[in-house]
Amino acid sequence: RAGVPLESARSTKHGVHRGMSSVTIPPPACMLRPLEAPFRYLFGPGPSNVPPRVLAAGGRPIIGHMHSEMFGIMNDIKKGIQYAFQTSNNMTLAMSGSGHTAMECAVFNIVEPGESVLVAINGIWGERVAEIAERMGAKVHTLVKAPGGHFTNAEIEQALAKHKPVLFFLTHGESSSGLVHPVDGVGDICHKYNCLLLVDSVASLGAAPLLMDQQNIDILYTGSQKALNAPPGTAPISFSERACHKMFNRKTKPVSYLLDMTHLSNYWGNDGKPQRIYHHTGPVSGFFALRESLAILAETGLENSWKHHTEVAEYLWKGLEDLGLKLPSVTTIAIPEGYNWKELLAYIMKHHQIEFTGGLGPSVGMVLRIGLMGYNCNKANAAMALAALEDALKQCRKSKA
């Protein structure tokens, strides 16, 4: 009787009784209580606290993902990303997912199995891209430095000449180690060797200068939840004409249907076709919030945003130095000798409702990470962070981790 329509099952007492008796799992007690989520000061590497204006935008009534009004909002998002990235690329859009979605989209669409890829690894994000490329069958070559280390253009050129990759990956904002990596000249070197430049700016966009077109970056992506101050779940990305030529002249289909730019370019109205065809249901509320966060960035101005983040960061660094804490690099603090870093973070969360985080990937156990991005980026929050850290250093036992 599996094929009986729902209406038929409801039409008789027997049908309803049979349906009721088949329910053996009771409603969970937790779902009969209201949702509880504490307020926290999110002063880690992301997500950041979201401004009320962006929260309100995300709470607007849902419209259909294929409605003309939704396409208008997506067009606004595209223009906002072009401003934030400083690019005139037509192939600009936001992925329905976190920064990892954009990371995979870039690799899956540009690289074909058996092609050579060069990945700069100086923290966790290079490690992730190397694994993603390896999983889809690329020949992966790596340039490796300790967390926080940076690569010279000469080192990059030497590796490009040796491995002849179709794609070179570099992290602009390495959040696991706190490094903003220089990008000037790298795109020109890549193009000299017929290679595309892919840059991760998830942790840096809006906080540190980055100019996609002027710096000859071929694929650039970021995340919504850091300096952009939208909730996690959307990821702006843009492809240059060079990247599009490689991407749309493949011999094989990308390994992911969801991330296939042939379909996504149509969904975002970027393929020149008169009609957008259903591909997937985009995160409508997430797009509302992303549009609002991009609007705030446009109103603030990129240069003002960069300047503001620098001023607050310098205020924070001065305070950390006054506490006697060593800064190996931007926004990261070497764990003070003799302290258990997990104990410090737990104390700060419990007594100050503030989130800092430890290291990530290769920097675990080496650093604490503080992020004051976008809405959180002000001197009052920096002072609050410093006071919490000073209190933890006084109250926590000084014993080896």
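Note that Cβ sites are derived from N, Cα and C of the backbone, with glycine treated the same way.
Summarising the annotation, TrEMBL assigns region 'Disordered' to 1-20. Per TrEMBL, the feature domain 'Aminotransferase class V' maps to 41-376. Among the features that TrEMBL reports, N6-(pyridoxal phosphate)lysine is placed at LYS226. The feature substrate binding site is assigned by TrEMBL to ARG369.
Taking the recorded positions LYS226, ARG369 in turn, the residue surrounded by the fewest other Cβ atoms inside 10 Å of its Cβ turns out to be ARG369. For the domain 'Aminotransferase class V' (41-376), the model's average pLDDT works out to 94. Rounded to a whole number, the distance between the Cα atoms of the residue listed as 'substrate binding site' and the residue listed as 'N6-(pyridoxal phosphate)lysine' is 14 Å.
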